[in-house]
Amino acid sequence: MDFPQHSQRVLEQLNQQRQLGLLCDCTFVVDGVDFKAHKAVLAACSEYFKMLFVDQKDVVHLDISNAAGLGQVLEFMYTAKLSLSPENVDDVLAVASFLQMQDIVTACHTLKSLAEPSSTTGESADASAVEGGDKRAKDEKAAATMLSRLDQARGSSSTGPGRELKEERGGQAESASSGAEQTEKADAPREPPPVELKPDPTSSMAAAEAEALSESSEQEMEVEPASKGEDGQEEEGAGPATVKEEGMHLDNGEPPEENEESAGTDSGQELGMEGQNLRSGTYGDRTESKAYGSIIHKCEDCGKEFTHTGNFKRHIRIHTGEKPFSCRECSKAFSDPAACKAHEKTHSPLKPYGCEECGKSYRLISLLNLHKKRHSGEARYRCGDCGKLFTTSGNLKRHQLVHSGQKPYQCDYCGRSFSDPTSKMRHLETHDTDKEHKCPHCDKKFNQVGNLKAHLKIHIADGPLKCRECGKQFTTSGNLKRHLRIHSGEKPYVCTHCQRQFADPGALQRHVRIHTGEKPCQCVICGKAFTQASSLIAHVRQHTGEKPYVCERCGKRFVQSSQLANHIRHHDNIRPHKCSVCSKAFVNVGDLSKHIIIHTGEKPYLCDKCGRGFNRVDNLRSHVKTVHQGKAGIKILEPEEGGEVSVVTVDDMVTLATEALAATAVTQLTVVPVGAAVTADETEVLKAEISKAVKQVQEEDPNTHILYACDSCGDKFLDANSLAQHVRIHTAQALVMFQTDADFYQQYGPGSTWPAGQMLQAGELVFRPRDGTEGQPTLAESPPTAPDCLPPAE
């Protein structure tokens, strides 16, 4: 017993599995779009895939450069339909030629020949031949013959631009023609309509089967020329595609400067295509380039909405903690396939294929071949902003995101965006905080064994990335290249403003911001801007209280890795900073700077009772306690009528006066001078005044962040202790200004004036809100006299 519909139903089921991403063992990634498929179907339809999969290669680099063409070819493999139009014929032809699918190649050539413009508008297709008309007439004759056979097989005599062509299929399909009739009417459009290519039945069973397929397909899909704005539109490719086993996502494209290849990721963005409908019963897990549907998937946990089932599934794993993707080498689990693939690549960090022209090495021979196009002149896509050349238009488009500032690749975990998929993949690894792989040489830890292997290169005596001058090891060729400039003295990057030269382009970029005043890295909490991202990161951690760097020996935490490294030197008693005068060594340069004061004779810390100077603040405090019995320098302050008394002693003036500087979005707390004198003691009054002012501000606005401000450079801190530690870099300026009238007034500069009758005794201070005394000048309102101080970069 025969079942005529069986083969059709099997193919339909395979197509549904492909559209839903079920049981697919192969995935293409072209221009950021995933194409899922079955190896068996690919091998049955393409001689190229048949030979490819016989070799059992898991990851193969293909020279396929457009998503639109690949989508049409895959659609043909599973549905026996090929929607050709003048807009997509070049894309389809390029893919079909590469995959050795001769039937599609012939159909594309036929359509292109029919699409050539006629010499006379009103003439029929037979009489409107252009140059090379003999060939075209031959093609049209062949098309007419095929149409006649198709009409006989189907029992149909339908004509017109919308007819569907069928081709005979015996293992491999025969060539097919376009859907335009040879005897087209004069008033019909000259541009041939889209063509649907179907198999021709060769038996009665096949005829019935094809008839049913034809009827269902006519109801299912309306054939139209590709329109702009849809996902299926013609688009320049982004570079070679990658075929691999399911769950492994590799992007196409040219290898970046420091990495052997770019790995594709899912952007995590909801690319809504409003008003466009998916074919009934499909969900599109970022599949081929068709219009996405209006199906909305809403997360019940957080309310986030998605139009792609695949992105929705990946997002759900954030809440469930599911990690279905595992490394084939070490079995480590991941929730995102892109992160898994990035991890797997670290198991084989060697790059055996080297470029003879420049020496750059790659992991895959296909990537080396792509790179060689730069030297051969095939890299014809040039960036208009920086002049850099690319071998594919897709790579150029991704590169231009750097100049435009667009960041289309978003992390599903934290929402952070990236301009390229490789950066996103590296970022995904940071969400895996388990660092169980420890370096036996330096105790450094890694969350992946591949990263540990790459790190071990620096300990190998004869590693592949070793500096021949000093023997230092590196994990990437780019880092070694930059390091070699230290020995050669090469500084190829020149500032156009001051002609200063730099060995690294990033250093030049940061330097130029000094001239332009650009501070692109802005804190979203307080609005402060920085010239570089590392300074902003350190600053934001002051707001959040985050201290991610922990000392394993004592448990102390730090904001920056450089602070932790400096702290570890104390444990190891490493003192790299030596005094040039006495050779005494110090852990950090700050301690050395304080020590040098001994040799220079500078005494910035003054007693305002007797005027004696000291080179250290603790010596000043000791002097006050012993010589003046701890009472010297107490300032007797007379409050204004109805006000409160606040007292500052010399003993605590050095620290408390700087700690007292505070700022918020609501009010400014600062030190101001007053007129007469009353008796009081103890500095706790000043602390109480600070607490009262802070409490008042927070009562008015509970969301207010109290920031303690440095009067010299304007930097703000979350607590007074941090401010006090920071202020040491200003020593004479920030501290001495409280000691004498002259120094105090100099802080305002020659252009500032004081209200008449306000000559004060030295160091008399009171702590008040800025708006507490109208018209009275404050330190915070004075122009800064010290240069901007940025937090140290990591």
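Heads up, the Cβ atoms here are built off N, Cα and C, so glycines get one too.
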Candidates Lys185, Lys244, Lys290, Lys472; Swiss-Prot annotation ubiquitin cross-link sits on Lys472
In Swiss-Prot, the entry for ubiquitin cross-link among Lys332, Lys388, Lys556, Lys631 points to Lys388
Students should find that the zinc finger stretch in Swiss-Prot, chosen from 13-35, 82-104, 381-403, 634-656, is 381-403
Candidate ranges 56-78, 493-515, 677-699; Swiss-Prot annotation zinc finger resolves to 493-515
Over the region 'Interaction with MYC' (260-299) the mean pLDDT stands at 41
